[in-house]
Amino acid sequence: MLGRSRLALVLLAAAVSCAVAQHAPPWTEDCRKSTYPPSGPTYRGPAPWYTINLDLPPYKRWHELMVDKAPMLKVIVNSLKNMVNTFVPSGKVMQIVDEKLPGLLGNFPGPFEEEMKGIAAVTDIPLGEIISYNIFYEFFTLCTSIVAEDKKGHLIHGRNMDFGVFLGWNINNDTWVITEELKPLTVNLDFQRNNKTVFKASSFAGYVGMLTGFKPGLFSLTLNERFSVNGGYLGILEWILGKKDAMWIGFLTRTVLENSTSYEEAKNILTKTKILAPAYFILGGNQSGEGCVITRDRKESLDVYELDAKQGRWYVVQTNYDRWKNPFFLDDRRTPAKMCLNRTTQENISFENMYDVLSTKPVLNKLTVFTTLIDVTKDQFETYMRDCPDPCIGW
């Protein structure tokens with residue numbers, strides 16, 4: 001067994017290697033060009049479209065989708081169970097999840113509880129495990145989101161969904177287990193009422209909150225995790241203990257997409273609503289200057305950083321670190337994203353080269369499940385599953 005000093009040296013060497021890799025080829029690369037329309041080894045394929053009929057009872061809304069995706073959902077749920085059982089081999093944790101979790105968490109707001117019950121029934125997966133599957137998006141979402149404004153005042157919103165860090169590494173093909181298992185679950189969703197689109201979103205089958213979406217002609221919205229000592233674990237503990245005056249962040253995002261009727265209304269709700277976990281809300285509108293990053297603590301807004309093209313701020317970039325702080329030295333996606341945007345210039349920013357920026361390592365990395373591009377005014381919403389072949393950084 002390694003002595004403490006030798007172990008410390010090994011860990012230090014590993015950290016230094018990762019830090020260097022963040023800023024050196026082949027782990028990074030010059031800004032990609034001409035990657036759109038998507039093709040080649042970093043492109044897994046387009047996300048399929050499904051319609052969610054909001055006129056149906058919540059229990060039945062996800063039936064068609066979950067009939068198709070139940071086998072893939074069972075795979076990822078079993079992987080999560082196996083990881084838990086690795087640390088607690090007795091199986092007691094999963095027994096508590098299956099038997100006690102629904103009662104501990106109590107009633108969820110709005111339609112969400114009935115929707116999860118419907119998903120559990122269709123997939124034959126215990127409700128506690130479906131709830132756990134919905135909860136864990138509050139903790140493991142590492143993403144890059146960008147809103148950019150061109151010289152004509154036109155807005156483009158892009159995001160990489162990075163998910164699955166530390167949730168199992170496959171040594172046979174150098175990939176994150178959960179990241180790979182999420183790709184077959186990636187879907188585009190058209191939420192309709194009276195046969196008309198209310199909003200569109202990209203998500204994972206089985207998850208009833210939303211992390212990425214837009215309301216055609218009005219606004220676009222993405223959600224990134226924010227690391228904080230006063231984090232989501234405390235929010236969930238408060239919820240279990242009966243203090244339920246805060247919203248689950250994925251449920252809030254979906255509620256805003258479904259009900260808000262303007263950029264300003266969405267911004268106001270996202271800024272003021274109490275939430276269970278700290279988060280970044282990246283919001284884009286339909287006219288010049290309507291783009292911002294809302295940095296949220298659980299109880300209040302800490303910062304609203306807005307586009308201001310007249311002052312040279314024609315884009316906002318958000319990863320998983322407060323903009324006024326340096327990113328973690330092992331995980332700097334902000335710097336290469338900004339570098340590629342600056343090289344692109346406001347004169348040339350477009351749907352196509354937004355995809356270029358999001359395809360450049362390490363903005364694209366082993367955790368990247370999908371890339372979404374949004375043009376609110378043109379009603380464009382495209383989601384593509386991604387791969388990052390070696391050499392590629394783990395996050």
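FYI, residue positions are counted from 1 along the chain as it appears here.
Just so you know, glycine gets a Cβ as well, placed from its N, Cα and C.
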Choosing among C340, C392, which residue does Swiss-Prot name as bonded to C388 by a disulfide?
C392
Consider the recorded positions N259, N320, R333, N348, C388 and say which one has the Cα lying nearest the Cα of N173 (N-linked glycosylation site).
C388
I'd like the number of other C-beta atoms within 10 A of the C-beta of N286 (N-linked glycosylation site), please.
20
Determine, from DSSP, whether N348 (N-linked glycosylation site) sits in helix, strand or coil.
coil
How many whole Å apart are the CA atoms of N259 (N-linked glycosylation site) and C143 (active site, nucleophile)?
25
Please determine which of the recorded positions listed here (N320, N348) has the lowest count of neighbouring CB atoms within 10 Å.
N348
